[in-house]
Amino acid sequence: MKKLAVCLTLSLAALVPFGQDSKAAANFTDVGTTHRAQAEIYYLVEGGITSGVSETRFVPEQQVTRVQAAAMLGRTLNLNGEQRATNFKDVGKNNFASGYIQQLVDKKIISGYPDGSFKPNNTLSRGEMAVLIGRAFEYKSSSVSVAASSLINKGIASGIADGSFGETQTIKRGDFAVFLARSINADFRTADNEKFEHNAYVDTKDGSKLNLRTGPNTSYPSIASIPSGKIVSYSYSVGEWVYITSDNVKGFVHSAYLQSDKPSDKPVVTPPTSPTPTPTPPPTKPVPTPPGKKPLSDITVVIDAGHGGSDPGSSGHGFIEKNVTLNVAKKMEKYYDKVPMKAKMTRSSDTYVSLNARGAYASKVKGDIFVSIHTNSHTTGSANGTETYYYTRSAAVNPNVSQSKALAKYVQNRQLEAWGLTDRGVKVMNLAVLRQNTVPAVLAELGFISSSKDMGIMGTEAGREKMAKALFIATLDYYYYYENRTDVLPLYSTVNATPSGKLH
Ligand SMILES: [Zn+2]
């Protein structure tokens, strides 16, 4: 359990389940109740580790490819799946699994071929599978036969009919799901020889209870909650999550909430926030629509929760970007309930929406401004802070350069005010969601999901609520200052705020 030590210093608030369940209930017509891999496939789908080829088909009899295996392993370990350039000539940045492949290469879990290729669409052999799983889960895997023995001894795989491991044979998607689910959760194995030999204290830092989940990420349901300070026994880890047992219930918790020393009994007292100056409050009575402007009730703010569905975005500290962005977006949407302006969401559940469709949606619903919500990530974990993007290229589809830039400044300002993270500035960025848009558009990178500092606030309900409110107020600032709309002033009183001052 060497992983435990490095995570002990993290101080995060307890994992708070998001308001809504992130997964859609899958129902594959080709994985019936009697299918040999039924339980394992649905287990992986529940955790967002794999998905069907469509909502109704999993194709369990199809051979698993190297790229599919890499994506599943990357998601299992909660690696940062943000697409990026890779070392391989045949895996471009646009490959859906480019982020996972490069991360697995960096961690020496997967490798390519001597000619510089990865051959993403080659089928995976049983021998390759044994080595991959061996490296990902830190089993003995110095050679194919050693890796195969590890899987056999642990009850994860067995030999084939001729008594060998069948290392050159290919694997079907259904069987790979079985091997992966067994590697993750010992409950699925044919032999139960994992021991819970070590003890640790649960420490949620704030006295709240810790969720014990059925799998190693927050998409998995909580089956028990463990009081802070309790001693639990742990076995192995899956990425940064640890398989533990407490009161005879087995499950997973994030390693950030386990420590070897008894936590102090004193609850952590949050220091009071410095009092905000109270300038003259804005009027609460309606102000007439300024001449030449459409009524506020005709203004639509399009809120874009980044990623979703099969595109999880980045992940870290037990959180997945698509869930964080949706959570903040939904909270932001609520603030428009009390004002005449409307909000529309590009997605309001865990669904995949293409980047171009997001921009097209803004036009379709006659949106006036577009705010995309994302979390940043960096592989080393040292980068942190908040930044906001807009797009400026004059040849762009989106002509609203000065509006977008002003909106970005107001959004960045309120984000910094809300969370106080490092100011990484307002930046020009060529992103499809901004470029392929017809209204003033910005993309807010709230903070780094890879940073324990940033997650100290982004990982809390209260932090996300603050951010949602900040993004709402930023849209008021934009209309008040950039669009010269005095009728926005009374809306500030719905959240006890005042205009920011002119920034553009
Ligand atoms: Zn993102």
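Glycine too: its Cβ is placed from the backbone N, Cα and C atoms.
Because TrEMBL annotations are produced automatically, they should be read as predictions rather than curated entries.
Here is what TrEMBL says about this protein:
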- 1-19: signal peptide (SIGNAL)
- 24-83: domain 'SLH' (DOMAIN)
- 84-147: domain 'SLH' (DOMAIN)
- 197-262: domain 'SH3b' (DOMAIN)
- 260-297: region 'Disordered' (REGION)
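Mean model confidence for the domain 'SH3b' (197-262) is a pLDDT of 89. Break the domain 'SLH' (24-83) down by DSSP state and the numbers are 20 helix, 2 strand, 38 coil. Residue counts of the domain 'SLH' (84-147) by helix, strand and coil are 24 helix, 2 strand, 38 coil (DSSP-based). Secondary structure counts, DSSP: the domain 'SH3b' (197-262) has 3 helix, 36 strand, 27 coil.
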